[in-house]
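In what follows, a single structure is set out as structure tokens and then discussed.
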Amino acid sequence: MPEIATISYPESKKNDEANSSHGNGNGVVQLNASQPENAAQNRPEWSNKLEFLMSCISMSVGLGNVWRFPFTAYENGGGAFLIPYLIVLFVIGRPLYYLEMALGQFTSRSSVKIWEVSPLFKGIGIGQLVGTTSVVSYYVSLIALTLHYIFASFASELPWATCKDNWADNCVDSSLVVNEMRDSNSTSGQKVSSSQIYFLDIVLKEKDSIDDGIGAPDWKLTLWLSLAWVVIFLVLVRGVKSSGKVAYFLAIFPYVVLIIILVRALTLEGAVDGVIFFIKPQWGELLNPKVWYSATTQLFFSLSVGMGSIIMFSSYNNFHHNIYRDAMIVTTLDTFTSLLGGMTIFSILGNLAHNLGIEDISKVVKSGTGLAFISYPDAIAKFDIVPQLFSVLFFFMLFVLGVGSAVALHGAIITAFWDAFPKRKYWHLALILSTIGFCTGLVYITPGGQWILDLVDHYGGTFLIYVLAIIEMVAIFWIYGLDNWCNDIEFMVQRRVGLYWRLCWGLITPLFMIAVFIYSLVEYKWPTYSGQQYPGEALICGIFVFIFGILQVLIWAVWTVTGHSTKESVWGKITKAAKPSSQWGPCTEHTRKAWLKYKEEAKSRRDDIIYAKNHSSIVRKLCVLFGMYDDFIQLDSTRL
């Protein structure tokens with residue numbers, strides 16, 4: 001057995017000279033110590049560690065938890081959705097979240113610039129911007145809806161609490177707390193709550209079909225949309241200097257209101273039936289790949305992985321910040337909030353079923369974006385004491401949740417452009433991109449806007465981001481190498497990479513994602529809206545968004561390869577483009593030198609072990625995957 005190598009970390013972090021020791025199975029990449037362009041010396045940092053954590057919480061804990069999670073669970077059998085969701089959290093959500101947080105902090109760069117790790121895959125960052133832009137474009141339109149409800153709540157009577165004379169004959173007052181009908185002479189058939197009619201017919205003026213177009217934007221919603229974008233711009237105007245200050249409120253306030261609504265909802269008649277529907281699993285659905293795909297895509301949306309916002313936030317961290325702790329806190333809290341939001345929604349749905357005389361809770365209301373804007377208002381209308389106050393608080397909470405996530409997503413886009421054009425002022429880019437976002441968002445406040453929202457969410461916000469995340473995992477762990485990445489992250493956080501992370505990053509997560517994606521293609525069905533088919537032209541537009549985003553990977557790969565010397569063979573160019581550029585690594589000079597020195601020492605120690613043990617290539621890869629070289633390398637445990 002070779003002599004055990006011992007490495008101790010220096011006592012001071014002042015010069016970022018931290019070293020950790022870990023063996024790997026493959027050779028490390030050879031990089032020079034030249035200072036990267038646009039180094040991080042002038043890059044702003046969070047004022048304190050708590051600002052970063054609160055910003056991540058406000059980003060991940062958003063409308064996806066109280067809007068998208070409940071209706072996704074609703075569409076996938078309630079309790080049948082929870083088990084796949086929790087499993088996916090551990091095999092995909094946490095590994096991806098920790099990966100992206102580490103990527104941003106390690107490089108101090110945006111989601112596009114980090115691909116100096118493998119320039120061949122630069123298109124992943126560009127494609128993710130396409131997906132993030134798709135999400136932001138419709139996300140802010142939902143914030144506009146919350147503003148409408150906030151100001152509508154100041155009326156002497158909540159406008160959706162009771163049915164109006166010119167509304168449908170089968171309308172039932174949402175303010176009713178017992179199972180009775182508004183008009184005993186009403187037509188037979190399924191009853192509809194006044195909150196549902198108000199949202200679909202009064203607020204959205206929704207069309208039953210978009211075969212003849214989507215219509216013109218509603219002027220009132222246009223004003224709310226402009227106000228939403230103004231707020232987002234003001235929060236982002238100074239980057240992390242301004243967004244970090246409001247993160248405390250954006251992260252904490254929503255929980256206070258959500259708990260109040262949940263307590264009230266659980267006291268309503270029939271609420272228990274809704275909760276049982278939510279938590280009782282339908283075991284047969286576990287074999288349905290659609291449920292697993294929905295759980296995976298919901299986790300992507302909720303945690304904001306694959307969208308660049310996590311990378312953007314962590315790029316403003318100190319190099320040695322403890323992101324491991326933060327990643328665990330955020331992913332746990334995000335799941336808790338989703339369960340809290342789901343419990344609230346389904347207790348309300350149980351009460352709705354009770355009031356409408358419907359036994360099957362899955363048929364109470366239309367699923368989709370309107371679920372939160374129908375079920376929550378319906379519950380608030382039943383409040384005996386000042387329902388207007390609770391309505392204002394609730395929709396202000398939704399507004400705060402939406403702004404927190406939108407700031408992160410839009411900030412990721414702005415930061416990517418800022419890194420590309422560092423001489424431009426940040427607020428100039430924020431203003432330009434916010435204006436473009438407002439103009440794009442007008443399409444979602446038309447009578448056919450919700451049709452388009454679901455389509456863009458399916459192809460641009462879900463399908464595209466999911467596929468790019470698969471390519472991201474392959475590029476980092478199968479091209480750059482699990483061994484290289486573990487060395488990098490251990491050098492940065494001074495914490496040994498455990499078996500769970502190695503197995504997930506190197507094997508389980510990418511293979512699981514690929515398997516779910518293949519099954520989703522085999523069982524693929526064209527998207528529908530409320531059970532109705534989209535016209536062919538709309539589907540073509542949705543597919544175009546997806547193809548445009550995916551093509552970025554190919555376009556930039558070709559661009560990178562053709563930029564190399566013509567004397568090399570095509571395969572030589574591809575191989576060279578896949579390797580890290582001289583810009584990859586920590587941005588500050590002293591940290592970069594320490595990192596390069598550490599990589600050389602780690603390679604030397606690993607080679608000594610490999611030669612002494614005469615390990616084959618397969619054995620070396622298995623040793624890296626299972627962290628078996630740790631048996632030969634002793635770290636100073638006081639620094640872990």
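For all residues, glycine too, the Cβ spot is worked out from N, Cα and C.
Database features, via TrEMBL:
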REGION    1-30  region 'Disordered'
COMPBIAS  20-30  compositional bias 'Polar residues'
BINDING   VAL61, ASN65, SER302, LEU401, SER405  Na(+) binding site
TRANSMEM  79-99  transmembrane segment
TRANSMEM  120-151  transmembrane segment
DISULFID  CYS163-CYS171  disulfide bond
TRANSMEM  221-240  transmembrane segment
TRANSMEM  252-279  transmembrane segment
TRANSMEM  291-315  transmembrane segment
TRANSMEM  327-349  transmembrane segment
TRANSMEM  392-414  transmembrane segment
TRANSMEM  426-446  transmembrane segment
TRANSMEM  458-482  transmembrane segment
TRANSMEM  503-522  transmembrane segment
TRANSMEM  534-559  transmembrane segment
Quick one: do the transmembrane segment (458-482) and the transmembrane segment (426-446) reach 3+ CB pairs under 8 Å, ignoring pairs fewer than 6 apart in sequence?
no
Grab the same-chain neighbours of the transmembrane segment (291-315) for me: Cβ-Cβ under 8 Å, and only residues 6 or more beyond its ends, written as numbers and ranges.
43, 52, 55-56, 59-60, 62, 64-65, 68-69, 72, 75-77, 80-81, 84-85, 87-89, 92-93, 96-97, 100-105, 107-112, 114, 125, 128-129, 131-132, 135, 240, 285, 321, 323, 330-331, 334, 338, 405, 408-409, 411-413, 415-416, 461-462, 465-466, 468-469, 472, 513, 516-517, 519-520
Taking contact to mean 3 or more CB pairs closer than 8 A (sequence separation of 6 or more), are the transmembrane segment (392-414) and the transmembrane segment (221-240) in contact?
yes
Give the distance between the Cα atoms of CYS171 (disulfide bond) and SER405 (Na(+) binding site), rounded to the nearest whole Å.
35
Out of 120-151, 221-240, 252-279, 503-522, what stretch is closest in contact terms to the transmembrane segment (534-559), meaning most Cβ pairs under 8 angstroms?
120-151
If contact means at least 3 Cβ pairs within less than 8 Å, sequence distance 6 or more, would you call the transmembrane segment (503-522) and the transmembrane segment (221-240) in contact?
no
Largest tally of Cβ atoms lying within 10 Å of a Cβ, found at which of the recorded positions VAL61, CYS163, CYS171
VAL61
Compute the centroid of the Cβ atoms of VAL61, ASN65, SER302, LEU401, SER405, then list the same-chain residues not in that set whose Cβ lies within 8 Å of it, in sequence order, for the Na(+) site.
MET59, SER60, GLY62, LEU63, GLY64, VAL66, ASP334, THR337, GLY404
Folded-back contacts onto the transmembrane segment (79-99), same chain, C-beta under 8 angstroms, at least six residues removed
72-73, 277-286, 288, 291-292, 294-296, 298-299, 303, 305-306, 310, 323-324, 327-328, 330-331, 335, 338-339, 469, 473, 476, 501, 504-505, 508-509, 512-513
Same chain only, sequence gap of 6 or more: which residues have a CB within under 8 Å of the CB of SER302 (Na(+) binding site)?
SER60, GLY62, GLY64, ASN65, ARG68, PHE69, ASP334, SER338
